[in-house]
């Protein structure tokens, strides 16, 4: 079901990939500079919401491949899980742990941010998709 | 700057409460949105407004100047905004559902659970 | 490093995340529901034990030292409250197995339940005033969603009042935090307590104190802003009502106890006098509201309001004995109130209505249920030797010793009227003959024995707690006394959090 106008459709084709890339950029630079999981999650949710306005909720579900509710679940698990590695080291919960994996610096704050990213994406999309699907039922 | 902000905050609180006292549920939600923004502005102003100096240490490691903004109120406001976003989006969904079920936009008609 | 302070928050959060991740499988959600709350109960026992041993258990989250980071602090009062959260959470999770329908489960009943418990435990354990706000909001968001599960008309109408009043209270709380931060420049409660004493202008502190009082008063359903509670609490599924009745308002009461002993102990004459009158009016309006009702859960809801008055009375009198009474009352009330709501759920399941006029004859058909109702009901009214008697006794004795005759008279009168309400329920629901038996009996689907036992099991457990508190009054009195002693010694709390000051 296509709902968008021509201008919106063309614009969305270019904007959606850009927004997704930009959200990843925001997510990864967020540790030292402005950015982070929450704002990146909002940007990517904006991308999918735009895609949904143009192509309808069915197409967005196909594009996303996973159910938004799974995003919330996995994101929550990552977020809560990042509190625990510090316990294993005998430090207070949530103390940042850093590991060196093949030259990349991996850390628990990063895991936490990815968790937040997924939760925001999942919850915004659940709300938006539910609201549009309800509207369709009524029409 | 502070006196202007004080007046602005007062006006926002007043209009928010006025909106919340109306009978329409849509106006109720507008009131709730306004009042949470007023609270955020209040924190921001009360904690002291400092111009020009963000509390960030630059990459080259120069120490901070004498006067920098307090980063904590900004963190508080940010958290409060996120929470308000969550709660208010819930309130909007709630009011939509309530309207679908009750079919009125008038709080005076929603008296089934009183008495 | 003491993990037991953080685990009561992290376990429900993990359980919530897990049951969210397994949202497709009802079986897994139910399993995680019971296992998660059982684990919460176990860690809360652990926390309780280590607080008995050490006095204060403290953890600085993320390794950031106090007062800069968020500190989790457990003293006696917090440990008791978390333990009660564990007990109620577990009882409600078991009770939910047979009573929560498929529709509610697929709409996320269990993740919300865990989130609510995490919010409640977080509010009890945090030592940071802004973090307290965050946990309040976590709890409120979960409770909003639980309140409208099912989406009936009454639920929507109740929820609008609940959401509006609670959002308003949150905004007042947030504004008060902002003003307090402007005055003292810190958020750690121990640090605030230390610096409030140094502020010269006491009027400003008093204004902030009253803002906190209004905000927590709304959450605790104290007079005059209590009306959201009876409008909302009788609408959701019984398991949800029971959870709310036991825990939510008590978080507001806990916050009042914490803030008005630790931080705002400057002008007791002013603030605690207001609290005292608030407590008296809360008791009276609650019990009179209940007397006018003829619906099972509404009577119980109004009684929550009147009982909140007793707890506030303990805080307002502000003597050691009165605080003991207040803490004891909270302890007894949480268990009893939840239990009464759970019983109302069984009656509903058996008879298909909450209306007292249409009920009747329950004792004749199910005598065990009648006995199980009498234990918490008589305890609520304060009949010895059950838990409520000791709670009321200590409070009334404290009020006589403090020379506040008016509040003594009101408290005794309200006790009498509570007995009247409980007798009314007993007579109408259990004792009188059921009106037109056959028409009512036909409409209700029969309940399988297994389901009935799963519903009765938590009630028996909670009733056993009530009897245990009644028979071992001294043991619980000692615990309440220890927490009251800590509440009256803010310096001990400050030293424990910030380290000994020179």
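Just so you know, glycine gets a Cβ as well, placed from its N, Cα and C.
Per TrEMBL, the features are:
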TRANSMEM  A:7-28  transmembrane segment
DOMAIN    A:7-126  domain 'Na+/H+ antiporter MnhB subunit-related protein'
TRANSMEM  A:34-50  transmembrane segment
TRANSMEM  A:71-90  transmembrane segment
TRANSMEM  A:110-131  transmembrane segment
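Within the same chain, residues 12, 15-16, 19-20, 22-28, 60, 63-64, 112-121, 124-125, 128 sit at least 6 positions outside the transmembrane segment (A:34-50) and bring their C-beta atoms closer than 8 Å to a C-beta of that stretch.
Listed by sequence, the residues of this chain that lie at least six past the ends of the transmembrane segment (A:7-28) yet keep a Cβ under 8 A from its Cβ atoms are 35-37, 39-41, 43-44, 46-48, 50-51, 53-55, 113-114, 117. Mapped onto DSSP classes, the domain 'Na+/H+ antiporter MnhB subunit-related protein' (A:7-126) shows 88 helix, 8 strand, 24 coil.
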